[in-house]
Structures are given as structure tokens and as C-alpha cells.
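Novice: I have a structure I would like to understand better, so I am pasting it below and will then ask my questions one at a time.
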Amino acid sequence: MKMLCWRLALWLAAWAVCGKPSFCSALDYDYTYDFTEEDKAEAIDYKDPCKAAVFWGDIALDDEDLKIFQIDRTIDLTQHSNERLGHNTGGFGEHGMSKKRGALYQLIERIRRFGSGFEQNNTSKGRTTVKFSGKNEKNRFPRAATSRTERIWPGGVIPYVIGGNFTGTQRAMFKQAMRHWEKYTCVTFIERSDEESYIVFTYRPCGCCSYVGRRGNGPQAISIGKNCDKFGIVVHELGHVIGFWHEHTRPDRDDHVTIIRENIQPGQEYNFLKMEPGEVNSLGEPYDFDSIMHYARNTFSRGMFLDTILPSRDDNGIRPAIGQRTRLSKGDIAQARKLYRCPACGETLQESTGNFSSPGFPNGYPSYTHCIWRISVTPGEKIVLNFTTMDLYKSSLCWYDYIEVRDGYWRKSPLLGRFCGDKLPEVLASSDSRMWIEFRSSSNWVGKGFAAVYEAICGGEIHKNEGQIQSPNYPDDYRPMKECVWKITVSENYNVGLTFQAFEIERHDNCAYDYLEIRDGMNENSPLIGHFCGYDKPEDIRSTSNTLWMKFVSDGTVNKAGFAANFFKEEMMCQPDNGGCEQRCVNTLGSYQCACDPGYELGPDKKSCEAACGGLLTKLNGTIPTPGWPKEYPPNKNCVWQVVAPTQYRISMKFEFFELEGNEVCKYDYVEIRSGLSSDSKLHGKFCGTEVPEVITSQYNNMRIEFRSDNTVSKKGFKAHFFSDKDECSKDNGGCQHECINTVGSYVCQCRNGFVLHENKHDCKEAECEQKIHSPNGIIMSPNWPDKYPSRKECTWEISATPGQRVKLTFNEFEIEQHQECAYDHLEVFDGESEKSPILGRLCGSKIPEPLIATGNKMFLRFISDASVQRKGFQATHSTECGGRLKAETKPKDLYSHAQFGDNNYPVQADCDWLLVAERGYRVELMFQTFEVEEEADCGYDYVELFDGHDKTAMRLGRFCGSGPPEEIYSAGETLLLHFHTDDTINKKGFHIRYRSIKYPDSVHTKK
């Protein structure tokens, strides 16, 4: 390959120059990073792109790089701000690069200090260009096309590992991004087995961050930091892994975009430097405005609506859009295919069924053709390939024209067969989820060619010691009406271990619709381990033999993302001597732990058991004191009482006396009360100090009380009484899927917000998220409130209040995924009956918004969540306010005194102003349909006052109370103000007015 496209070849050039370029796209996204202890537990010693000496723009440089790196320094660096770096769509803060005057100063100072081999040319206005001298430039910068090709991933195969601190939804999205690259290029991502070089998805302080190209000699990180877990952002980061740099840094960029430096945030100017022509070769590819690697127009901008990069107008006078983060552009695809020398013929097939054929089929294939098809389906599925036509030149050993089918992801995978001639091959099946088909022709013989069809088959027998199983079509939604059965067998004398990375199957308490069934053995009659559905990952599973049976079933309605699980062989650690445990040995994946029977506790050696306080209590009522009561409890005690009542009973605990060491923190001595018998059951409370806890009632028919004391201060302790009472909801939640509400002698089932009760009055189904609200006030909540709202949801609320009233929305709680432009999850509020009405606000984040008031009696809300981050959502109150600006038209409209007209009298202490406005040349006509306002001779208490204009300085048309004006009222002009006042005592029914606009030439205000 004589040349490499500039963006992809650039990292080769940089490697020849620097040896260690890096990209950190925390520059692109303004997110903070919360470092936790969990993040410190990364076991892989990978190359961390966040730990660079300095950054030049998006490039990480070390001390070695600084000696030989050249830049085009075309900006006045003396103007850099000393403030912390950041910008509207993305910040530089995650790098910790808030040092005075910016990290680029460190680079320039080091270059000046080394001196040798550089020329420094002073230009006008204090600007400086730092370049290599001519005698060194030729030797120090060989052409990128042939210098360091080892930075390309061999065969386009990129092994990966996803760190343990990502959720199942995030893992699924990472795989979707990798499959996106695979679909349009010949790059392949595989789960790492024993490869030396691979990438690690991790969560680092620099936010979104990656090296450019293959580092080699071990793992390298691709950091997906806080709020960077978006499909387009991950596709962008993977572009750097493959070899892409930013589009706007190519040498010819000034022919296509204009950098508006006065709009750039102080200290961020160096992010807009461009590369030297001698460092890259663009291969004649046009500038790609649509590239997923291009900065947006307002990146590092002083303000959201100020451009920092302005695209040049095209032939039609239109400025192209830049900065998209949704999919690969045609230019991205073309350049990746050139770098990795993808064959011009063939494609990546990812559907569950498909077909392909030789070029020109059935009219003959050309000579010297090379095509590659890669079939990639869901792990856990197998591929069945069937050739329907075969007509190739036949030669000995199929030397000239042939098709090779390989059982795997690349050209070195095991060969399933090499075919030529006109004999149809047997049906071929893969052992896993990938298949490689390569076609070559080197003869001049003309034949039809070939055609083939394939199908992905879920389930089957698996004889491997480790592997992965996923639901069909994962990470996308599984398909309806599927049934897949896997039979896993590992080596003899081992068990099967199963861990889940992601789990999202349609929720139902009895898993009646979609489910995953797992059995401890080889068939459907083996002991049941569990029926699983919902969104919680099942606990790690371990079989008792070397076989495990799994069945996945989906019905024809709701489809979810499904599951991803790893299986592996496991050794039974408790055998043959019970693990050295005195009483019970509990196998865990990769290890074991000792446990004791109720009434006993582990000794200091963690294997022996000794008598303890606590125990199993099965009476309907009784007393529980601390050890030594009424004297002080001893130090270093751990007591567990397990109270079990009959089915359909609940247990209540009431403390008579309470005195433990500690305060609100409860760090030293404490008592924990849980519903359930295990240490991870639902916690009702952790108590210490001297305040007596309130009465606690269990959810079910058992309760766990655990008391702990440390080795220092001891107090008198506590004395508590427990008693049991029958509860219809305690058995199987009364058969209710969501909530069971006890009533006298019975119970009712209730569903959470966003769900509706099934016809059987027990189950809950996801509801359509469309509500029409006509009540004057009420509560609006996000779906599944107060739990986190679901992903991929769109909900609307259409609020209609009494005509003449304005809808008001007040937020009580608010927590929606944060983004400066609310581009991901958000709530939109419109001033009218639909999303076409004027918008009142687009809301996200955790700050409670100010109340929103519509100009009329209608308001439209739309809530949208994407596929990744979920938050608690929102709860808001809708109500009404009187008054407002009303448009009078020729068709009559209604105006009511208050929102509950007809149901309740008007409120006291009200002051409402309605301004009725007609079109130019028209007047306003009022027709009183109903009028009942407190009567008084001078209308001094409650009254309606009319003004012939837009405010109260206009001529007053009258003040009315009692039964109101006897006839219609007209304005002289285009506006009429109606003022309604009530005092704090008597109130009446109110009024109903119909108003319209009419042509009326006279100045008379009442009808004669």
C-alpha cells in the first residue's frame, strides 16, 4: 500500500515521530468523574491513556515524545487562561489538567529546553511557529505509509475485555458499537482469550479516552467514563482504537472549515491546531464533514450558540452539519477499509438468516476476484450454511478457483472445507457463532459461480470448558416466539459455573411470559435451579455435576434486550473433607466458605463453630433481649435471631427498652432488623444510641434480628417483644405481581406507575405511555416511579383544564439523566395540545425546575429515555391558575370563572385578569351564559369588572355582581380586559361567559 488515508495513516506517522500518541476524548464531553473504591480494584495492568506527561490537543505525550515531536503553533499561547478548562458540549476537566497556563505550555517549554534540531521563527502579533530545521526534517520523519505498520491490528482482529464495573446495559451497548464497526468494515472484535495485545473497556478519570491504534506488548485501555456510555461516543472511541484521529486536524482543513478563535474558551485554543503536511497523507480522500471523528460546531465554545468550527458553504450555499455521533459516515467506512485492506467484494452478515453469492451470479464471475463474507450471529447460536448453487472451475486440490469455509472469525480459523467444481457441498455447521467464507478466482473459465443461504440456530449441545451464551439477537431485543435449549458439558470431575453479565427479560413475578429456565443436569427433568426473568441479574450458578441445562423462551408480545452469560468449568472446593469446616461448607465460584447452623457462630479460625446468642424462634410471640440483660451486654458479640411465623402471617417488633453505644452512624454497636432470614434480606433499619425505634413489621412471615458489639464500650442493651398477625398478602404477595394492599377480610392488587392491571386483577403489564388528563389538578409521574424509569420509553401527557384557566406544572421531585443540551433522557413541556405547540422547556438533570405555566387551558408533556442511563425520574403536580391572554375568534369560545365550575363554588381571595384580544378590525363580544356572584349594592365584595382596553387605565365598562349584566357587552376596540375579584367570605357558583370577535362599527358597548 503506497499511501494511507490521512486520518488512519496519521497514527502511523505519529508513531514514527512520537512512539506514543494517545487520544483522550474527555476533551469532547463535559462530564465529572466520581472515583470510588470499586474502581481501584481493576486487576488488569493495562496501559492507561490518562497517565501522560502532557497533552497536545487530544494527544498524550511522554518525555521521549517531547524531544522529537513537531507542531504547527499558529496561535498566541500567551493569552491562555489560568482557569479550569472545559466547554459547553464537553470539558477538559477529567484529565486533571487545570494547571496554570495549560499543559501545552509544558510541551513548548520542553521543546525550547531541548533546542537541538529545531528552528523557532517569530511571526507578527507575537505568534510563534515551532518546526524542525530542514536538515533534520527529512531524517526524523519518514513517510507514514511504510514506517510502523505494526500499529495496525493484525488481520483486523481486535481482542477485547469489558471491565467488571459496567452494567449489563452498558456492556450490551459496547457490543452494539463493535458490531457497528464490524458490519461496515473488515475489522473484527473478539473476546480476548490468550492474545497478548488487546483493549480493555474501563472507567478512568479522563472520561472518554483511548490510545490511537494498536499499542502492542499487552493490554491498552479504552476509558468510557461517567456519562460517556452513549452508542455514538463509544463508536467514536473505537475509531481511535482502530486508527482514526480527528478530522479537523488534517493539514487541508482550512480549505473546508474556519476556526473562529475568539469564540474558543480561554486555554483551549491548542485543541484546534492542525497537523503538518509532512506528517500525514490524505490519499486524495475528500474532507469528511459527516465523519463521526469530527468536532461539533460549538466544541470548546465560550457559549452554546457560538461557533468554534464553521464549515464552508457547499455549492448550494448550505453549511454542512458536523459533529454527528450516531453512525459511521461513508468516509469513515471507506478509509477504514483502505487501512485494513478489506476486499472490495463480500460483506459482514449479522442477521439470523441471509444469503450471498459470487459476483455476477448467475451470469459468471470475473477472473482474479477475491471476496470475503463474515457471518456473525449471537454467541450461543450456531451457523448452518447451505450452498444452493455451485459452478466453479474445477482443478486438482481446488487450486485456482475455490471457496473456503472456516469455523471461526478469520482466515486462520479451522477449515470446514475447500470447494470447487459443480458438486454441491454438504450442509456445513459452525461450532460457534462465527463463520468465515473466502472466494478466490484466478482462471479465465466462465461459470455461474455460487449461491448460498445461512441460518442461525439457537441452542444445541456444547462440549467446552468455557464459553459464552446469549439470548438470540443480543445485544438487540430478542425475537418473539423463540425457544432455545442449551446442554452444556465440561470435563469430568468438574462442575459448570455460570455468571451473568447482563439480564433483561420481560418482568413477571411468576415468569409466565418470557423466561430463562436453568436445571442442574442434562435434560428438562433435572432438578430445577431457577426460572428467571425481570431486570435483576441472577446470582452466580454452580451445577453439582459436569452438565447444565438451559432453556430460553419468549412469547409474541414484549421483547427486551435479553441476557449474556459466561460458563466455565468449576472445581467443587468443599470436597472431599467438607473444606475443613466444622458444620457447613458453602461452595462459591472459585472458592468456598464455612458457615454455622442457627444458634452458632464462626470462631476466630473461620472454620469452627461455637455457641452463640440468637437462634431460631417459631412461636407466635415472645421476647428478645441482648445477652446479659438487664446487665450490660458483653463485647465482641454477634447474635442472630431468626423469627419464623406460619404462612400468611407477618411479624411485628416493638422495643420496650433501648440503649446501645453509638449515635446516628451506628459504626460500633448496633442491631439490624430485616424481612427475611438471610444477611442480605430487605433491611428495615440499623439502630443504636438511646432513641427507641418505632414498631417494625416484616414484609413476610419471617424476620432476622442481628446484634453486634465491638470490643470497647458496652451499654445495657435492649429488650424487645415480637408478635405475629395474619396477613393475606404475605403468601406469594397475594398473587399480585407488583403491590398487594391489605383490606379488611380481603386484599387488592395494585400496579406501579407505567403499568396496568391485567384482566385477572393480579398481573401487571407495561402500559402505553399516553395519558389524557381532564382533572383540574393531580399528580404526574415518570414511568415506574419512584423506581428508576425504564430505558427506551416515550410517554406523553395531554392536560386539558377548564376553558379560561391556565395549566400550571409544579415539580416536587426531579432526577433525569444530565446533559447540557438534554440530548439523551429529557422531559419536554409544550404550551398547547401537542408537541407542535410552542415549547415551555426541555428539562433534564437533578435540579428541580421552576414552575411552568401555560398561556391557555392546555399543556402537553413528552418524556423520552434512551437505551443507557436511567434515573429516578420526576413527580409533578398539575393545577390551574385563572387569568391570561385569550384570542377572540369568530367562532364562540368559553370562559369559566374557576377550574371547578359546576362542581364547587369559586375560591375566596381571588384576583384574576383575562385580556381578550380580537384581530384588527374586529371587536370583542361577551355573552353571559351563567352569572352568580355575591350580591352587594355597590358590588364591593365579589365582582366582575370590565375595561374597554388592554389594562385598567382604559374606560371602565362596568362592575357587575349578583346576577350580572342583563345583555351582551361589546368592546369599542380590539381588546377587552375582564377582572374578577373575590373577598374572604361568601362565595357563589361563579360565571360562564362565551366570547367571540365580530365586526361592529359603532362605539356602543351594550346591545340596545
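Each position is counted from 1, following the chain as shown.
Any Cβ shown, glycine's included, is placed from N, Cα and C.
Okay, so Swiss-Prot annotates it like this:
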| type | residues | note |
| --- | --- | --- |
| DOMAIN | 144-343 | domain 'Peptidase M12A' |
| DISULFID | Cys186-Cys342 | disulfide bond |
| DISULFID | Cys206-Cys228 | disulfide bond |
| DISULFID | Cys208-Cys209 | disulfide bond |
| BINDING | His236, His240, His246 | Zn(2+) binding site |
| ACT_SITE | Glu237 | active site |
| DOMAIN | 345-457 | domain 'CUB 1' |
| DISULFID | Cys345-Cys371 | disulfide bond |
| DISULFID | Cys398-Cys420 | disulfide bond |
| DOMAIN | 458-570 | domain 'CUB 2' |
| DISULFID | Cys458-Cys484 | disulfide bond |
| DOMAIN | 570-610 | domain 'EGF-like 1' |
| DISULFID | Cys581-Cys594 | disulfide bond |
| DISULFID | Cys596-Cys609 | disulfide bond |
| DOMAIN | 613-725 | domain 'CUB 3' |
| DISULFID | Cys666-Cys688 | disulfide bond |
| DOMAIN | 725-765 | domain 'EGF-like 2' |
| DISULFID | Cys736-Cys749 | disulfide bond |
| DOMAIN | 769-881 | domain 'CUB 4' |
| DISULFID | Cys822-Cys844 | disulfide bond |
| DOMAIN | 882-998 | domain 'CUB 5' |
| DISULFID | Cys939-Cys961 | disulfide bond |
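Just tell me what is around each of these and how deep it sits.
Specialist: Model confidence over the domain 'Peptidase M12A' (144-343) is summarised by a mean pLDDT of 86.
Its Cβ taken as reference, Cys186 (disulfide bond) is surrounded by 21 other Cβ atoms within 10 Å in the chains shown.
Mapped onto three states, the DSSP output places Cys228 (disulfide bond) in coil.
Reduced to three states, the DSSP call for Cys208 (disulfide bond) is strand.
Reduced to three states, the DSSP call for His236 (Zn(2+) binding site) is helix.
According to DSSP, Cys371 (disulfide bond) is assigned to a strand segment. The Cβ neighbour count for Cys371 (disulfide bond), using a 10 Å radius over every protein chain in view, is 20.
In this structure, Cys398 (disulfide bond) is part of a helix by DSSP.
In this structure, Cys458 (disulfide bond) is part of a beta strand by DSSP.
Long-range neighbours of the domain 'EGF-like 1' (570-610) within the same chain, counting only residues 6 or more positions beyond its ends whose Cβ lies under 8 Å from a Cβ of the stretch, are 494-497, 499, 540, 542, 616, 638, 640, 642.
Within the same chain, the residues at least 6 positions away from Cys581 (disulfide bond) whose Cβ sits under 8 Å from its Cβ are Cys574, Cys594, Ala595, Lys607, listed in sequence order.
A strand conformation is recorded for Cys609 (disulfide bond) in the three-state DSSP classification.
In the three-state DSSP scheme, Cys666 (disulfide bond) falls into the coil class. Other C-beta atoms found within 10 angstroms of the C-beta of Cys666 (disulfide bond) number 18, with every protein chain shown included.
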Novice: Around Cys398 (disulfide bond), how many other CB atoms lie within 10 A of its CB?
Specialist: 18
Novice: What residue among the disulfide-bonded residues Cys208, Cys939 has the most other CB atoms lying within 10 A of its CB?
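Specialist: Comparing the disulfide-bonded residues Cys208, Cys939, the most crowded Cβ belongs to Cys208.
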Novice: Determine whether the domain 'CUB 4' (769-881) and the domain 'Peptidase M12A' (144-343) share at least three Cβ pairs under 8 Å, counting only pairs 6 or more apart in sequence.
Specialist: yes
Novice: Do any of His246, Cys342, Cys398, Cys609, Cys688 (recorded positions) have a CA within 10 A of Cys371 (disulfide bond), and if so which?
Specialist: Cys342
Novice: Sort the binding-site residues His236, His240, His246 by C-alpha distance from Cys688 (disulfide bond) and give me just the closest.
Specialist: His236
Novice: Just counting, how many other CB atoms are there within 10 A of the CB of Cys844 (disulfide bond)?
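Specialist: That number is 22.
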Novice: In Å, rounded, how far does the Cα of Cys609 (disulfide bond) sit from the Cα of His236 (Zn(2+) binding site)?
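Specialist: So the alpha carbons of Cys609 (disulfide bond) and His236 (Zn(2+) binding site) sit roughly 56 Å from each other.
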Novice: Nearest to Cys342 (disulfide bond) by Cα distance: which of the recorded positions His236, Glu237, His240, His246 is it?
Specialist: His240
Novice: Would you kindly list the residues that approach the domain 'EGF-like 2' (725-765) from elsewhere in its chain, counting only those six or more residues past its ends and only Cβ-Cβ distances under 8 Å?
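Specialist: That would be 508-509, 512, 558, 647-650, 652, 699-701, 781-785, 787, 789-790, 793, 795.
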Novice: To the nearest Å, how far is the Cα of Cys939 (disulfide bond) from the Cα of Glu237 (active site)?
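Specialist: Cys939 (disulfide bond) and Glu237 (active site) have their Cα atoms 73 Å apart.
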Novice: Same-chain residues six or more away whose CB lies under 8 A from the CB of Cys484 (disulfide bond)?
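Specialist: The answer is Gly380, Cys458, Gly459, Ser471, Pro472, Lys551, Phe552.
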